[in-house]
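What follows is a set of notes on a single structure, which appears directly below.
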Ligand SMILES: Nc1nc2c(c(=O)[nH]1)N[C@@H](CNc1ccc(C(=O)N[C@@H](CCC(=O)N[C@@H](CCC(=O)N[C@@H](CCC(=O)O)C(=O)O)C(=O)O)C(=O)O)cc1)CN2
Ligand code: MET
Ligand SMILES: [Zn+2]
């Protein structure tokens, strides 16, 4: 039996990669230093895995920005607008594709970003056209293999499989099917593989998580075609085929027939799959199985007893040499190292002993191997420790709160129903709010500058008192209110300066959560989150946001929007307990948010935004399970939003989501106003709302806040006219795609001034026509 993992976190255990990349972008660091930091992270990761007892260590799981963007570069899939950069430095081209480039005589938009399956990780969306060609453009995968080899480690390079790569991409023209590009892409895959085989590569891991989705026949046939072809071309290459995040489902038959060396199973997400495979007539016992037993998506200690049961089941049909013990998916989605955590207040020792981060997961994988070996005796203490920790968790008094359980138990339909329907509410709200046509607003956060973050750090260290900290935040909030007044925004926000993150902040205020100090997980590029750890029943002890919203409202006559994170998003972006159904946990959060909404209303806040950017991401990968999820997710949002008067306007916000498949459910959330991300796709994401005749008000984003690029008045106006042509004008709001926290002030100022100008121009035009 051997151990492996599918990938390791690459941001560095102190977020070294984030810091160096951001410094490089700011032209404060040179390229060599950047490359050095990259090399040292890779080296540390490889050595750590080796020392932890991982037998087959991945390479090319490192990335300076995103693994899908890396794949685009590997195969020369570079949109034409970057052609002028192709002769220059490849890393600069790469970052231009990721972030856009507005410098010298360049003005290039970034490529689109979207969610990686059901995770909070965002990948860069490949762009394909009908005449798309491919070439072996970047040798990163080969270079990294050599880099590890030089350290004496023969790795398993990781490559996104060609079918998944194509399916993740976007057809930029409507007259072809991207899957038909396979004939042009596959020869280039062969070239890349050839280069690796020339270096004596034994294993290549092909990630094909599209196998967890509902595929059509053509797509399934593409899988067969690819792996038969690779087998014919490279009969000695060991193909490690990785599916994860769900079962193979109706793709299992296809997978079992493939001439691959190893099939990887995510046994965390899909526990039934091992039986299905072992009992299948199609299963070739010479095929190795990689048992994904250690959860790459959550932070609870593995249950060794349960894992050993899987291993022993597999051992009845397979010789030990044909069994891999592995992580369920890449550990990219896990925080680095629990050993760094020493803050007892945030992470009590009792909770800490239930957890395992990436480094600890390596140890768990090695221990599972030990426990399945002839040296089992040496590992029995670890087994007993694991059993005890899991037992303690299941019986801990920290977890249960009877009052919360009974409140959730007594929820009924009135809790998820506003007092009147939207049309009535809209009339009532018009009377009290008195907003112009095309009202302007922002999504909530304003620049989280280095200063703001350093105040929080100083507060944590004790070098700033709470009072001093609050005074600084108040000043920043006031500055932001004044700025919005000056430039003519209609519905203001307070700026969210008091928050480290839109989920972690609420976690900190709610009972039932613990926090890490260094548990960073990459969300996109250099941006990371520290998901709070939801271990017990959730309740709200005190109001969480009233103080700052009330303060901001006291500064101005204009309406200030209250700002909350919705229950589904808090659930989705936390590490959630796995001892009860998610719907129950979600309803607990929904009730806490509902109480907060009511408190805001009672304190004079008449517009309240409940962000639900993760509602789409939480969708199960297989359509069969959508209905159930959408029912409870939409209901949880409604529970949080329905405690208020008709005159109180509820907003929601979503970003990086495709809405086509779920638009009916989005409408069913019945928010008075929804703001969505649409600008990178040139309003394409609006189509779903138009086709469905979305009944409520809507603010399609007209400023791509994930890029430092500043949109011109004309560009914004162009997008607004697009919206005005397809939506009733009384329903349209004007706002950026998402919050401004990742932006700097100079670009924010110019962009928002342009945004207000564009809205005003449109108002005048409409009035002139009328
Ligand atoms: N949870 C979550 N998921 C999300 C989003 C989101 O906002 N939150 N937005 C979407 C896009 N994803 C994003 C994810 C992260 C960030 C982001 O800005 N993250 C920050 C960290 C935010 C944070 O937790 N900040 C803390 C800690 C800040 C910090 O790094 N402090 C320094 C010290 C301060 C300094 O001097 O720089 C340190 O600890 O070393 C704070 O403000 O208190 C970053 O990576 O830079 C943005 C978008 C989708 N998913
Ligand atoms: C990822 S959605 C972000 C919403 C939040 N209110 C903000 O403006 O930052
Ligand atoms: Zn957003």
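Even glycines carry a Cβ here, placed using N, Cα and C.
Keep in mind that what you see is a predicted model, and the values were worked out from it rather than measured.
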Select one of 295, 337, 611, 646: the residue that TrEMBL places in the L-methionine site alongside 443, 444, 445, 496.
611
548, 573, 626, 632: which one does TrEMBL list with 115, 527, 528, 617 for the 5-methyltetrahydropteroyltri-L-glutamate site?
573
Out of 664, 677, 717, 747, which one does TrEMBL list together with 653, 655, 738 for Zn(2+)?
677
Filtered binding-site residues, from 115, 445, 611, 655, 738, whose Cβ is under 6 Å from an atom of ligand 3:
655, 738
Based on Cα distances to residue 115 (5-methyltetrahydropteroyltri-L-glutamate binding site), point out the closest of the binding-site residues 443, 611, 653, 655, 677.
655
Taking only the residues the record lists as binding 5-methyltetrahydropteroyltri-L-glutamate, namely 115, 527, 528, 573, 617, what is the largest Cα to Cα distance between any two of them, in Å to the nearest whole number?
18
Just the recorded positions from 444, 573, 677, 706 whose C-beta lies under 6 Å from any atom of ligand 2, please, or none if there are none.
444
For L-homocysteine, whose listed binding residues are 443, 444, 445, 496, 611, the greatest C-alpha pairwise distance in Å:
13
Recorded positions near residue 653 (Zn(2+) binding site), in sequence order, restricted to 527, 573, 617, 706 and a 10 Å Cα cut-off:
none
Far apart in sequence but close in space: which same-chain residues, 6 or more away, have a Cβ under 8 Å from residue 528 (5-methyltetrahydropteroyltri-L-glutamate binding site)?
11, 15, 18, 520, 521, 522
Distance-selected binding-site residues near ligand 1 (C-beta under 6 Å), from 115, 444, 445, 496, 677:
none
